[in-house]
Amino acid sequence: MDEDEVGTVDVPEATVARLPQYLRALAELAEAGLRTVSSEALAEAVGVGSAKLRKDLSHLGSYGTRGVGYDVNGLHRQIADRLGQTTPWNVVIVGIGNLGHALAGYGGFATRGFRVVGLFDDGPHVVGELVNGLRVRPLADLGTVVRPGEPTIGVLAVPAEHAQGVCDRLVAAGVTSVLNFAPTVLRVPADVDVRKVDLASELQILAFHAQRRAVRAALRTPLPNPSVPVSDRVGEVV
Ligand SMILES: NC(=O)c1ccc[n+]([C@@H]2O[C@H](COP(=O)([O-])OP(=O)(O)OC[C@H]3O[C@@H](n4cnc5c(N)ncnc54)[C@H](O)[C@@H]3O)[C@@H](O)[C@H]2O)c1
């Protein structure tokens, strides 16, 4: 197994993608007063198979106790730690248009350990506006909020044609993690992480699955009886 920079065993990307779901489920179990949980119950709460859950947690060095399960608070702490959520992360949002306004007003970041510390836009109609307690600043002020060495996540909510330029300025200011909502591929240095949120692609994937389900259902439908005239076949698609 690979060792990452902090000397801990590397965790597969697919497992990392499920960790936030485990974290949320554990938080709910803790709130409900549960102290231990079986792998089956936790797997069911998240909607994955229990073998996959056990394998995922083994990557964190967590194997639970036979007959008892996992310690809810302990596992929550461990996952939060691996996700870097034990200390709050700073977040700046660039592009305070339709999407940027919605993101800036979203209360869920704070409860997951993310602190929105700056809102930026270059539109004169937006700069100076107060959104959820923060004044929108021009991009030129980026350096007053983002400091090299202080982990900050940059959220890009600008039109696609401006995304690369804004991304370059975020990176130059010291941002090493970018969440990109613009439908474009960004070029970044090797030490910068980019995650893309492409809502249209997600809809296309859903449409693909819905279409496949419809085709399968049609194939399962018995063929019409050819001896009955078409006009008499009530409700049949012809
Ligand atoms: N609105 C949505 O539901 C939605 C959903 C998915 C993805 N997106 C994507 O998110 C991005 C933003 O969408 P939107 O609907 O909020 O657009 P918008 O036009 O409402 O807002 C874009 C904002 O970016 C600012 N901006 C433009 N260039 C800039 C620059 N160089 N520096 C700083 N600010 C700049 C503009 O002044 C504006 O306020 C787009 O790339 C869009 O494709 C939007």
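Every residue, even glycine, has its Cβ placed from backbone N, Cα and C.
Here's what TrEMBL has on this protein:
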type     : residues                                  : note
DNA_BIND : 21-60                                     : DNA-binding region
BINDING  : Gly95, Ile96, Gly97, Asn98, Leu99, Gly100 : NAD(+) binding site
DOMAIN   : 84-185                                    : domain 'CoA-binding'
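The secondary structure of Gly100 (NAD(+) binding site), as reduced to three states from DSSP, is helical. Within the set of binding-site residues (Ile96, Leu99), the lowest number of other Cβ atoms found within 10 Å of a Cβ is recorded at Leu99.
If you count neighbouring Cβ atoms within 10 Å for each of the binding-site residues Gly95, Gly97, Gly100, the highest count belongs to Gly95.
Apart from the site residues Gly95, Ile96, Gly97, Asn98, Leu99, Gly100, the chain places the Cβ of Ile93, His101, Ala102, Leu103, Asp121, Ala157, Val158 no farther than 8 Å from the centroid of the site's Cβ atoms, the recorded NAD(+) location. The Cβ of Asn98 (NAD(+) binding site) has 9 neighbouring Cβ atoms from other residues within 10 Å, across all protein chains displayed. Looking only at the domain 'CoA-binding' (84-185), the predicted model's pLDDT averages out at 93. The secondary structure of Gly95 (NAD(+) binding site), as reduced to three states from DSSP, is coil rather than helix or strand.
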